[in-house]
Each structure stands twice: as structure tokens, then as C-alpha cells.
Amino acid sequence: MFETEPSGFIAVRIDRKRKAPITTLLRAFGAGDEKAMQELVANVDTGDVRFLEETLKKDAAKTQGEALVEIYRRLRPGDLGTPEAAKELIWNMFFNFERYDLSKVGRWKTEQRLPALRQTTNNKQQTITAEDRILKLEDVVEVLREIIRLNNTLGSQPDQIDHLGNRRVRTFPEFLQNRMRVGFMRMERIIKDRMSTLDPGTITASQLVNPRPMIAVVKEFFTSSQITQFMDNENPLAELEHKRRVSATGPGGLTRERAGFEVRDVQPSHYGRICPIQTPEGPNIGLVGHLATYARVNAHGFIETPYYKVRSGRVTKDIQYLSAYEEEQHVIAHAGVEVSPDNGIVPSRVEARIKGEPGLADRAQVDFIDVGPEQSISVATSLIPFLRNDDANRALMGSNMQRQAVPLVRAQAPLVGTGLEERVAKDSGLAIIAEEEGKITFVDATRIRVESSGHGSRRKEKEYGLKTFQRTNQYTCFHQRPIVSNGDHVKQGQVIADGGAIDRGRLALGTNLLVAFMPWRGFNYEDAIIISQRLVKEDAYTSIHIEDFSCQVRETKLGPEVTTGDIPNVGEEKLKDLDEEGIVRIGAEVGPNDILVGKISPKGEADLTPEERLLRAIFGEKARDVKDTSLLMPQGKLDTSWSPELSNPSILKWRN
């Protein structure tokens, strides 16, 4: 980290330790004496304040060895520093690829921010490529030159830390790679220790390599990492948006308590990249966002958005993805500009973003145009009809609440949609799509067979398996239903089976109702609503929920636990739905405190009296002292038993 004082002194902090003059770091890297360093910044250090001179005044080091020792003392205070130890420390910290990695992204971003860096290195026949991922003297020199230039140039602005051109998305493989690197380092240490103790003549690979450290690291990552989340698959939209979520928190990120207003606020660079509407309403507001409809993450981790290329006032079909900084170099018109049938821009002057600033531009000046009006918002927000007439706060609530809709038994696609319902249903992966054109040869509730439209040996049959009555992470029911019949002809990419909350290949999060805005004897006071009895009878809002209830049968010190339908001191009414094994039968309606699995456990006994010993001899184990430890239905649930099993009885729950 570099710091500049009003006097012109420029300092550097390494690993947040005590600051040192930047000239000390340059000397340690081999920049030479004062005259050589002055030549490096001679053409930029020309202002009233001489930054290099002011820095050299406070630099106690005069040689490279002294500079190395000065840096060593700040990194290791209290240790006796020698030039050799200091050189080894600096080399391992900045020039050893095993310990320091600027990364391809870091090198690419450095060259983008400091264009002169490539020219400087090329003049010395030291071309810096994307693979050259260690820090170099030329990098520090160009940073120093840029700091001096910014201080000497009136009106110059520093980089905005919240600009999306300066913030990249760290994807899941990158986090996993970092954790696996830790596991490999632990394995390396164990292998070296064993190589030094075992006999080289009889040693084998299995004796050296222990995969447990790697397994432990990967398991820890998938079970306890902040970015490893339980997927929200309440409905297709919730699953799709969860996969498109981006967060500023997490490992190496911000915390909710310390994040200020600036980092939470909407930035102009968010246009077409992060939705300005959809964000949580709680402490994470502004820290958790969602990718815009057409946004993508490039190879370097920066978010890009697409535009149509405009040539000589005519919109072409050439689509180009631009990053936040690339976008600010062009004139971009919005999607509402009137375009003629031959793709020519009709108005002579149009509203556009001119190098990042709003304004009016001539038709011939326009370089790009938006691909669609929904480009700046997320998928969930783009499903709200007439969004432009909606209040921003209500749009935020609507975007979040759509992800909470449970799949209905009778799904209905909306009468008024936005056109994205079909695409969301397909991209969610929950509907079955025909891979090839062909004819339906067999359909039932569990599979669909499609015969391709080839000739002779090219004709083949493809079978698609349907998932039925499967529990989701939110205990809703995922059930696929065929929407084609035997003998139908299907095209490639056509939906042949709906999933949960999908109707005829379109997203269906609710049902279509006739709504009246009127008082009704005070029953709909404030936020209360009244629904007709027909909706209840026709199961318009009925959904299926599946929950698992399980109990374990253990071997205790006093004896084994037993599942049985004969439980002492329990009435016949409670036991009527249990079988001989004590498990509730299929189709039984169970309510709160009803027995799902009958189980008895032995409890401690005192010395038996003669009368008790006689009863035990006559009636056997029935007279033994046991306690009832049956699995009961929790409070507040009224369900129907669906698939009881000895290993894991499942309960199907209906909720109106």
C-alpha cells in the first residue's frame, strides 16, 4: 500500500507493517543510486513539490544492502537483520512463485491501468506476458510515476474502489483452488517428514502419500465455508436466481457491520451488470446482489454486458460484450431509441451515455445500443409486468417475494407476462427438453420415449426419465409431468415435461384470479384479504410439502430398543394406524402428537419383589418395566403418511 503526505513524502506499507520510504523499496529491488532513481521519474516529477527529493531526505539507506535491512526491520521488528537474511526474505516474499502470485488477472489489470508499463519493459527487451506472475522493479517504478502524475495533475481523480472495473467476481473454482493449495502444502510437509524417517530402499508410494489432509480441507470447504450454501430450490426462479447471486461479503470480503453507505449504493457501472433493484431488505442490503439479465463473468472475473454494434447510424446484429471501463470509452444509446425496419436509427439526436455521462449525441456518433430494455435488471425483476409504473421499493419486494412462491398442484402460467417466463422455465433445468426432433413413442408418469426423425440406421430412440414426488431443500414437492401425448411430433428444444411451478413450458408462480378492490364488512381491513370458497374447493392454492421424520433404534446398556405396535399404557385409538413393526401405515392421516413410529426402551429396574418375580415368570417380557419413546408428530402439523420405511419414514404433508 502506497501513501503520500502533503510534504511530498511517498511511503509504502508491506503487509500493513510500519511504513518505509518508497525509495528504500526501489533500492532493495535494485533500482540503483539516487541519480538513477531521479532519471526514472524525471519527466513526471516536474511540479512545485519534488516528491522524489522529499522522499530521499527521509531515506536512511544509501545502498541496496542497507535498503534490504531497513525493509527487514519493518517486517520483522526485533530480529537481527543481515543483508543475506533480508535478501532471502524479500526474494521469497515477492520473487518466489511458490509464495507470491500476482496472477494472470493481476498482471492483466496492471498493464491495463499502467499502459506505459508495457512500453517500459519492451524498451528493455523484457516483455511482460500474462504468465509472468511475479512482481518486478518496473511495476513499482510505474506505480511511483503514476502517483506523482496524479498529484501533479489538476482535476485528476483517483480510482473508484466501488467501480465494477476495479472489482472482480471470485468464482467457486478459485475458492476451491485456494483451499486445495492448503491441502497440498500439508501433504507436502507430511511427505517430506516421512521421507526423512523411512528407509529409502523399502519405501512405497502408499507409505509416503496420505490423502487425509486434502480430504479434510475439501470437506471443510463444502461443509463450513461462507460461500457454500444450501441451494434455494423453492421454485425454478429461486434456484436460478440463487445461482446468479453475487456477494461482497465472505472470505476476503466485507462484513455487514463495517460496510458503509458507499459500497452499498448503486453505481453507474452497475448498468447491465448488477440489478439495481433486487437486493435483500435486511443488513445485507446492497452487499448481496444479482447479475443482470444478460450479464456474464469473463475469464478475468469482471462482469460484462452485451451491446449491439452501431455502424454509421445503423444497428447491426454484431453483439459485443463490454466491461465497465471499456463501456466508458464509447457512446451508447438506450434500447428505447426508435429504429426503422432497415435497422437505421430514426432520430438525428438520441439520448445516450457519452463516455459514461448522460447526454445527447448525434446519430452518427453512436457506437453501441442496448440489446433490450430489461438489460439493466435481474431475471426476477424482469418478470414483473409494467415495471416502469411500479414503485422502486415495491419492485424490490416483488422481486424477492417471487422466489418464495411454493409450487402449486394446479400451476397456471400468468395471463399477463413479460415474455421471459418460457426462457426462465427452460434455463432453470427443471423442465425436460427434447434433445432432438422426433416422434413420441411412449409416455407415462415416469418416462417419455422419443424416436428421432432420421432415416434407416440414423433413427434412434431416446428415453427421458421423469422425477416424481421428490423433496426439495425447502420441503416442497418437485414433480415432473409430461405435456405430450403418444404420437406427437416434437422439435429440438421443445419442452416435453413440466417441472414444479411450470405450466406448458412457462414459469407459473401463482394462479390467475379476478380481484376486486372493495370493502367487505371490515373483513379485509388494512392488509387482510378475502378469498372465495371456490378457491378452497378447487385446490387453487394447494401445494404439496414433503418432510422426513426419523427415529433411531439403539442398543442401550439396559438392553435393545424395540419398534412395536404394542405399547404399554397407550390406548387403542392411538395405535390403530400402526402395523406389527410399529410403523404408521401408508395413507393414514396423522395430527399433532399422533404416533409415527412406536418404540419402547428399557429402563432401570430395582430388585424385584417375590410378587413381581411371579408376574415376570407368568407374563414374560410384557411385565418388564419399559418406557414409551415413540416418535410423535410435531405440533401444528396435519399430514398424510405417504411412504413409511424402516430406514427413513417419509411423511407427505398437504397444506392449503
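Numbering starts at 1 and runs along the chain as displayed.
Quick reminder: no glycine exception, Cβ is built from N, Cα and C everywhere.
TrEMBL labels come from automatic prediction, so no person has curated them.
TrEMBL annotations:
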type   : residues : note
DOMAIN : 2-170    : domain 'RNA polymerase Rpb2'
DOMAIN : 229-297  : domain 'RNA polymerase Rpb2'
DOMAIN : 307-371  : domain 'DNA-directed RNA polymerase beta subunit external 1'
DOMAIN : 434-636  : domain 'DNA-directed RNA polymerase subunit 2 hybrid-binding'
Contact between the domain 'RNA polymerase Rpb2' (2-170) and the domain 'DNA-directed RNA polymerase beta subunit external 1' (307-371) (at least 3 Cβ pairs under 8 Å, separation 6+): yes
Residues of the domain 'RNA polymerase Rpb2' (229-297) by DSSP state, where helix covers H, G and I: 15 helix, 12 strand, 42 coil
Residues of the domain 'DNA-directed RNA polymerase beta subunit external 1' (307-371) by DSSP state, where helix covers H, G and I: 7 helix, 35 strand, 23 coil
